[in-house]
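Colleague: If you scroll down you'll find the structure; I have some questions about it.
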Amino acid sequence: MNKNDTVITTIEDIGVSGEGIGRVDGYTLFIKDAVIGDKVEVKLMKAKKNYGYARLMKVIEPSPFRVEPECRYARACGGCQIQEMSYQKQLEFKAGKVRGNLLRIGGFSEEELQEVMCPIIGMENPFRYRNKAQFPVGTDKDGKLVTGFYAGRTHDIIANTDCALGVPVNKTVLCTVLDWMEKNRIPAYDEQTGKGLVRHVLIRYGFTTGEVMVCLIINGEKLPAVEKLTEALGRIDGMKSITTSTNKKKTNVILGDSYEVIWGQGYITDYIGDIQYRISPLSFYQVNPVQTRHLYGRALEYAGLTGQETVWDLYCGIGTISQFLAQKAKQVYGVEIVPQAIEDARENARINAIDNAEFFVGKAEEVLPEYYAEYEREHPGEKARADVIVVDPPRKGCDETLLKTMTQMKPERIVYVSCDSATLARDLKILCKNGYRLQAVTPVDMFPMTVHCETVCILSRVK
Ligand code: SAH
């Protein structure tokens with residue numbers, strides 16, 4: 001097979017990024033936007049010895065799993081990867097991916113997985129679920145201001161103010177901002193030159209309260225014609241907070257290190273169950289509130305609390321899971337690396353009148369081992385209390401030092417919440433070699449239409 005060859009193939013599998021996989025005479029083709037079951041005509045774009053990347057030219061016979069996408073930009077836009085796959089098939093694909101990683105990387109057997117894998121929790125309505133979006137602002141080739149999403153591999157902006165995963169108010173906010181920029185000749189930031197002012201518009205929406213937050217990320221300190229902007233945005237239903245965050249660095253990191261309130265307050269309020277959260281522009285907060293309830297509900301169930309337990313919530317963010325746990329535990333300790341998130345966590349505990357949660361700033365892999373070592377020194381012969389440890393690390397998973405300390409502390413149960421099943425599988429293997437048994441695994445679809453999947457697991461101590 002050579003570059004630019006055009007061939008016909010049937011898609012037999014789904015790759016890790018949601019792409020279709022087809023074969024021609026033993027040669028493997030990876031084809032973006034092709035759905036499993038499709039018969040397609042493709043053109044080879046990049047040829048390696050045994051495999052290549054091909055472009056979908058024509059769907060000759062559509063797969064029974066192919067659906068009309070909700071959004072007309074689904075293919076070009078980097079936000080969604082599998083919108084043209086039926087939702088049922090998406091769920092099967094994600095559950096299969098988690099299972100496959102546990103099998104190959106985790107070293108669990110088919111029989112073990114048969115016993116522990118629970119059905120994936122999907123959404124009833126898998127669109128318009130996101131409570132947060134960050135839209136880049138730029139200028140198109142005709143010099144017109146545009147906003148939308150990046151096109152996957154590049155930073156070309158696919159102009160679209162009405163993302164099908166986002167809330168309807170996004171469109172009103174984005175059109176208001178663009179209109180204000182045009183009328184006041186405010187330039188968009190240009191990544192190439194580092195010039196221009198407005199980089200991104202961050203929008204957050206509280207599903208339970210209807211409160212709206214807008215934060216403009218700017219390549220400067222101040223906004224010109226700021227009253228005109230705040231007056232127009234302030235008229236939008238539910239608007240509570242308008243801020244700016246300065247980011248003058250040439251980087252892919254979106255937000256600056258701090259923010260300034262230019263209208264209203266610096267946060268919005270939202271509820272998960274009975275717990276109230278104050279969310280500021282910089283804090284991490286789960287983006288899918290409907291599925292977050294399921295995820296935390298399952299995590300809480302797995303924690304099996306009776307009211308007597310001491311629980312550690314590592315990688316706690318603004319203490320979202322900690323507050324849930326605190327309602328059912330004796331004492332909760334949260335650990336998180338971002339100081340501002342810990343401030344929010346303490347404030348959230350205060351407004352919910354939770355007095356049995358304490359928060360520490362630092363790396364989980366440093367705070368827990370230090371606590372453990374100090375406890376051993378001060379209470380010789382006594383066990384440092386941890387009945388349950390909950391971890392919810394970023395994609396890279398847990399540090400090995402942390403896993404070691406966790407097993408030394410001998411909690412009865414470990415609840416592992418993960419956004420990357422490959423690192424999850426790697427870590428579970430270590431925990432299971434050191435006195436723990438995997439009891440149940442539930443994938444939760446927090447991000448329909450994308451290839452990402454959240455997983456929550458319970459491990460118990462082998463006596
Ligand atoms: N459990 C929270 C947040 C999970 S996201 C929730 O559900 O809302 C992961 C969090 O881990 C982020 O807040 C990130 O800032 C934090 N983090 C990243 N590396 C860390 C480390 N080494 N130690 C502690 N926290 C860390």
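Here the Cβ of each residue, glycine as well, is placed from N, Cα and C on the backbone.
Keep in mind that TrEMBL annotations are predicted by a computer and have not been checked by a curator.
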Colleague: Return the residue out of Y315, Y371, Y416 that TrEMBL annotates for the same S-adenosyl-L-methionine site as Q286, E336, D392.
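Modeller: Candidate in the recorded S-adenosyl-L-methionine site: Y315.
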Colleague: Which of these binding-site residues has the least crowded Cβ, counting other Cβ atoms within 10 Å: E336, D392?
Modeller: D392
Colleague: Residues near the S-adenosyl-L-methionine site, Q286, Y315, E336, D392 excluded, by Cβ within 8 Å of the Cβ center?
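Modeller: Output for this site, in sequence order: F284, D313, C316, G317, T320, I321, P393, V417.
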Colleague: How do the residues of the domain 'TRAM' (1-58) split into helix, strand and coil according to DSSP?
Modeller: 0 helix, 36 strand, 22 coil
Colleague: Between C419 (active site, nucleophile) and Q286 (S-adenosyl-L-methionine binding site), find the distance joining the two CA atoms and give it rounded to the nearest Å.
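Modeller: C419 (active site, nucleophile) and Q286 (S-adenosyl-L-methionine binding site) have their Cα atoms 11 Å apart.
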Colleague: On the three-state reduction of DSSP, what should I expect for E336 (S-adenosyl-L-methionine binding site)?
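Modeller: DSSP assigns E336 (S-adenosyl-L-methionine binding site) to strand.
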